[in-house]
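So that you can see what the record holds, here are the features copied from Swiss-Prot:
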ACT_SITE  S132  active site, charge relay system
ACT_SITE  E150  active site, charge relay system
ACT_SITE  H174  active site, charge relay system
Amino acid sequence: MKQYLRSSVLVIGGAEDKVHGKEILQRFWHCAGGTDAIIAIIPSASREPTIIGDRYVSIFSEMGAKDLKVLDVRDRIQGEDKDYQEYVEKCTAIFMTGGDQLRLCGLLADTPLMERIRQRVKLGEVTLGGTSAGAAVMGHHMIAGGSSGESPNRALVDMAMGLGIIPEVIVDQHFHNRNRMARLLSALSNHPERLGIGIDEDTCAVFQKDEYIEVIGKGTVTIVDGQAMSYTNHGKVAAEDPLALHNLRLHILGHGDRYNRKTHQPMAGIVE
């Protein structure tokens, strides 16, 4: 069986397969340690945390995980819970569910629980997965909401502070499924130094310790690199006026493709 890095961060575009092959969740489970996995599930983004937490417990239990715990954080004081912190200290993986990314950040940001999660991820001690809202929070800057399907403009996107787990990225999810290219470009117009990552449903960008992003799943991962952006009218036009952005680099990556975050170069996957 292929060995996967425990230090991986799996950023999922939402609506991942939970019934049939469950390819993305299987990858998370393997990275977590398979039958030896110790998995913390954080459903705090959801309006129904008990239901969604139990659903993922059932999925990972069916795969063979024996040690799972739902960290049901519903107010900020629970971010100081010693039992939760002790479980995060010993677990091999943490999974953040979908829901509302503002709610998730409001509950977890700057808590002792989140600080320890961030430290363990940075040290490569634990696998982290996040889907939908759990993916949106990964960067320092976060897309908190907005609209779809228009020309890029500043009014199209609402920004907030994320959890800073992968600080250099801005993530959008349900990407092509909800026509969100324009709002990702709108976000990047004010933060061209960040790497824009748009992830389709049932698709995952696997951030690996070796600086590579690997794509798995049924859709694509869109990468917008604004590092060489030569011009934007972001500060010169009204909020609802169209934005101009010059000299962006665009990559559309499919299953098996990779992207090097250091060299900013894509690599084609091996066709089997």
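Backbone N, Cα and C atoms are what each Cβ position is placed from, and that goes for glycine too.
Within 10 Å of the C-beta atom of E150 (active site, charge relay system) sit 15 other C-beta atoms, taking all shown protein chains into account. Contacts of H174 (active site, charge relay system) defined by a Cβ separation under 8 A and a same-chain sequence distance of 6+ are given as G13, G14, A15, S132, R180, D200, E201, in order along the sequence.
Other Cβ atoms within 10 Å of the Cβ of S132 (active site, charge relay system) number 23 in total over all chains.
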